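*Asks:* Residues or ranges marked as compositional bias 'Pro residues' by TrEMBL: B:1-10. Residues or ranges marked as compositional bias 'Gly residues' in TrEMBL: B:471-484. The region 'Disordered' annotation in TrEMBL covers B:1-22, B:469-498. If you look up TrEMBL, you'll see B:31-48, B:60-81, B:88-107, B:130-148, B:157-175, B:195-215, B:236-253, B:259-276, B:283-304, B:364-389, B:410-433, B:439-458 marked as transmembrane segment.
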Amino acid sequence: MNAPLRRAGVVVMVLFGLLFANLNWVQAYKADDYRTSPYNARVQVDEYNRPRGVIEVGGKALAENKATDGELKYLRTYPFKSQFAHVIGYKPVNLGATGIEQAEDEFLAGTSDRLFADRFRDMFTGEDTAGGNVVLTLSLRAQDAAIKGLANNDVGSTRGAAVAIDPNTGAIQALVSMPSFDPNPLASHDTKAAQAAYDKLNADKQGPLKNRALSEVLPPGSTFKVIDSAAALESGYQLNTRIPAGPTYTPPTSGSPIRNSSSGICPESQVTLIQALTESCNTGFARLAVELGANKIKEKAKAFGFETTDLKVGNLDGGGLTVAASRTGDIQNPDGSEDKAALAQSGIGQNNVRMTPLQGAMIAATIANGGERMRPYLVQQLLGPDRRTIGTASPKKINNPITGDVAADLQQMMVSVVENGTGRRAQIDGFTVGGKTGTAQDGDDPKDHGWFIGFVLKDGQPISAVCVLLERAGESGGSSAAAEIGGQIMQAVIRDRGAD
Amino acid sequence: MTAPAVPAPTPATTGEMPRVRESSGRRNAELALLLFVMLLVLAYAATVEATALDTITSDFWVPVALVAGVFLGLHVVIRFLAPYADPAIVPAVALLNGLGVAFLRRIDLAFADANERADLPIFSGVGGRQLAWTLIAVVLAAGLLIIVRDHRAVSRYAYTLGLVGIVLVMIPAVLPGKFSEINGAKLWIKFGGFQIQPGEFAKLALVSFFAYYLVRKREVLSLASRRFLGIDFPRGRDLGPVVAVWLLSLLVLVFEKDLGTALLYFGMFVVILYVATERVSWLIIGLLLFFGGAFLAYTLGASVGGPFANFYQRAEIWLDPFADPYADGFQMVQSLLGLGTGGLFGAGPGGGQPNKIPLVVSDFVFAGLGEEIGLFGLSALLVVYLLIVERGLRAGLAVRDSFGKLVAGGLAFTLGLQVFVIVGGVTGLIPLTGQTTPFLSAGGSSLMANWLIIAMLLRISDAAGRPVTGATGGRAGGPGGGGPPAQLHGAPTEVIRS
């Protein structure tokens with residue numbers, strides 16, 4: 001009987017060996033997965049044991065904490081409710097954070113390497129390291145003006161976006177997407193209520209959770225004519241170079257004619273370049289695009305930031321909110337040759353051309369900034385828990401899509417648009433305002449998108465550049481309403497800076 | 001057993017001396033180990049309070065001192081009544097039991113109101129109850145050592161024990177749910193505020209019965225068999241009674257939905273049968289039946305449902321616990337997350353959040369401990385369990401009678417299998433079946449039954465360690481407790497030649 005007993009002993013050893021091996025798998029190999037699993041409530045309890053850093057603008061907290069009696073000691077609150085929702089995002093208990101809450105999560109949570117010294121100190125003092133604070137570049141006034149402008153637009157658009165950028169630095173002054181949402185219920189400690197709130201927002205057909213300023217790509221319409229103009233000026237055209245126009249233009253290979261938006265616009269066979277932009281002459285720019293060729297247009301658009309897939313709006317570490325890529329689309333026949341009909345349509349921002357509002361603002365900012373395109377960013381400063389400065393954003397140039405001379409010419413053309421042409425409603429007394437409106441057809445929908453991109457200068461120095469989009473704004477008027485909102489936002493920036 | 005303890009046919013006086021020295025040496029080792037182990041538990045309890053309360057209360061040592069006291073009492077009983085017993089078993093069990101009491105108190109601290117934590121009474125909460133049960137269980141173990149002076153005496157009551165085993169298993173099944181059901185499992189006898197799980201005690205009774213019966217029949221079982229498919233099958237009438245008892249208990253357990261215990265009894269029976277007959281074919285049949293049964297239950301659970309649905313669900317959870325992390329898979333997911341959070345070193349006693357794991361005081365006690373003592377701590381616990389099991393098997397190897405071999409082997413193996421089933425379950429190695437983790441889980445029945453098993457193993461290891469006096473094994477002894485105890489009755493337990 002001893003032999004089988006010994007074997008039973010071996011069997012027990014093998015069974016325990018299996019237990020041991022599996023325990024190694026669970027506690028060593030998979031440990032990190034489990035430790036940081038979103039299902040692991042321990043992570044949350046630890047995380048909520050110390051106050052998360054504050055996200056602030058102009059000394060006001062946009063995201064702060066409230067002490068609770070519950071197991072999770074701090075509740076994240078957003079006192080401005082929907083006003084900054086798309087920028088700040090929210091920090092839910094069970095799911096991943098969004099917006100700045102996500103982009104700066106490590107710093108806000110106090111686990112960033114930048115806060116190592118603080119943690120090291122607190123290890124000895126026994127305190128729980130609070131998270132670091134994040135100061136944003138936003139202007140409270142500009143943000144407010146953008147929200148009010150978008151919400152009270154006179155063309156009945158319920159969806160839209162607005163972005164304002166400091167052309168000198170790339171610092172974002174306003175970033176609004178409409179409709180917005182209140183992030184507070186999403187951060188509730190009652191995870192079922194939070195989930196229900198999320199489900200409701202997610203199911204909303206208006207898409208309030210979507211950040212239209214960064215992730216919506218729509219046909220830019222006539223605002224794209226600025227790109228054509230830049231390409232033309234670089235190819236030797238002058239402001240007063242006369243370009244062919246006329247009431248209709250039928251591209252060489254296709255039967256569908258391109259018309260101007262009204263018969264009063266450039267009916268003459270030739271107009272100057274500056275006149276064409278001022279009046280937003282469709283036939284003129286369609287012919288110009290065909291004249292210049294698809295490659296020149298696409299190249300110029302690319303230099304201005306089209307086709308960029310990895311742009312993120314955040315601090316200078318490179319992280320942040322992902323920006324959808326703007327595209328010029330294919331402008332060729334199936335055999336690879338240039339599709340002139342498509343090219344003519346693309347030249348006036350239709351066909352497959354798609355742009356984000358941020359991209360629109362960056363085009364205006366680049367022109368206002370003498371041709372230097374700056375990286376857009378949202379985080380101005382990182383402060384330690386004791387409000388010691390830990391990092392400050394340093395502006396960074398991405399490239400020079402155009403020379404200073406071309407930029408100056410484009411400025412002049414765009415100022416003409418606001419002073420004499422379609423963008424009159426953007427005017428600001430005492431300041432030089434330039435811009436370009438756009439009305440874009442999207443599919444068969446009779447309601448067009450209204451666009452405005454523009455900038456404001458004081459003594460030749462840029463103060464702000466904006467892009468305003470009103471989705472499905474109506475058959476006409478959308479773009480001039482957008483221009484008015486753009487003007488209001490820029491005015492708010494001026495007042496915020498005390499420049500008036 | 002060619003024990004060199006008796007060097008030569010020397011005069012009686014010198015013959016006595018080495019034996020006494022040897023047994024007292026073992027007992028002193030046991031005492032030293034026991035004190036060391038209790039110091040470990042004391043350090044654990046202190047760390048728990050320092051971490052969870054930020055202070056160490058003035059009476060943190062009281063629970064540890066109480067269990068240490070009763071363990072020392074058991075040690076004294078062993079010193080007099082089982083002087084040759086294996087000295088490693090009691091300290092090993094004491095470590096597990098002591099840690100269990102301290103850990104359950106730690107869970108009580110986690111659930112107590114913040115301002116009442118420091119004043120938690122010694123006998124309150126799950127930890128306090130476990131402390132009380134420990135005292136009772138150890139006294140019971142000592143009682144068994146006092147009453148049963150020779151393990152072979154047990155075989156005289158084998159049939160009675162078999163019957164008792166069956167009755168114990170069946171009581172909850174026949175009792176109305178009001179008196180037997182807790183959390184959907186019908187495993188209890190409840191009266192007033194008191195509850196007991198009779199099935200826990202059936203293990204000891206059934207092993208004794210199986211062992212006795214198979215010892216009687218082993219010759220016939222291994223010789224008078226018919227060959228079929230290359231495997232030797234014994235005649236039905238030889239195997240009938242044990243198979244009947246075994247099947248009956250298995251059926252009851254399946255309908256009580258206590259799959260873990262059913263699996264345990266199955267393994268227990270197969271191993272005893274294998275050890276008794278020394279035929280590998282039993283193992284093969286056992287394994288085929290097991291895997292076939294598991295597969296059948298899984299497929300039936302998937303298609304028919306009914307009594308198999310539970311098994312199917314558990315298998316599904318095992319295959320992917322994260323498929324439904326907040327409902328079906330919740331327990332498993334939380335267990336794995338707890339273990340993973342513990343990592344290599346653990347969060348430290350009192351430093352984790354084991355209260356996040358459901359059923360952490362019973363089924364998932366191992367995962368709860370794992371979060372705080374880490375991979376290294378759990379590995380040490382596994383080694384302690386392995387030590388107890390292998391020491392039990394060794395007692396079976398060393399003891400001279402077949403009944404003792406089968407009882408020790410059966411009990412030790414079943415203990416090991418139980419640890420495997422529950423620890424494998426909570427760590428995701430095998431599907432989870434509800435079981436207590438011996439000596440760690442909260443529960444009086446489990447604690448008492450397991451301590452009785454330990455007492456039985458101690459008794460057998462004492463018989464094994466007792467040097468042979470006289471010319472040939474077995475009969476010599478006499479009054480005064482010198483040699484092996486005389487055969488207390490005429491049960492035909494043979495001395496094995498191995």
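Even glycines carry a Cβ here, placed using N, Cα and C.
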*Asks:* What stretch in B:60-81, B:130-148, B:283-304, B:439-458 has the biggest tally of Cβ pairs under 8 Å against the transmembrane segment (B:88-107)?
*Replies:* B:439-458
*Asks:* For the transmembrane segment (B:439-458), I need the partner stretch with the highest count of C-beta pairs below 8 angstroms, choosing only from B:31-48, B:130-148, B:195-215, B:259-276, B:283-304.
*Replies:* B:130-148
*Asks:* Six or more residues beyond either end and a Cβ under 8 Å away: which residues meet both conditions relative to the transmembrane segment (B:31-48)?
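*Replies:* That would be 56, 60-61, 63-64, 67-68, 71-72, 75, 87-88, 90-92, 94-95, 98-99, 101-102, 105-106, 109, 348-350.
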*Asks:* Cβ under 8 Å to the transmembrane segment (B:157-175), counting only same-chain residues 6 or more beyond its ends: which ones?
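*Replies:* Same-chain residues near the transmembrane segment (B:157-175) but 6 or more away: 186-189, 197-199, 201-203, 205-206, 208-213, 245, 248-249, 252-253, 255-256.
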*Asks:* Which residues of the chain, 6 or more past the ends of the transmembrane segment (B:410-433), have a CB below 8 A from one of its CBs?
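*Replies:* For the transmembrane segment (B:410-433), the nonlocal Cβ contacts are 203-204, 207, 210-211, 259-260, 263-264, 267-268, 271-272, 275, 311, 314-315, 317-318, 321, 331-332, 335-336, 339, 363-364, 366-367, 382, 385-386, 388-393, 395-396, 450, 453, 456-457.
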*Asks:* Hey, which bits of the same chain come close to the transmembrane segment (B:283-304), Cβ under 8 Å, at least six residues off its ends?
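*Replies:* Long-range Cβ neighbours of the transmembrane segment (B:283-304): 231, 263, 266-267, 270, 273-274, 310-313, 315.
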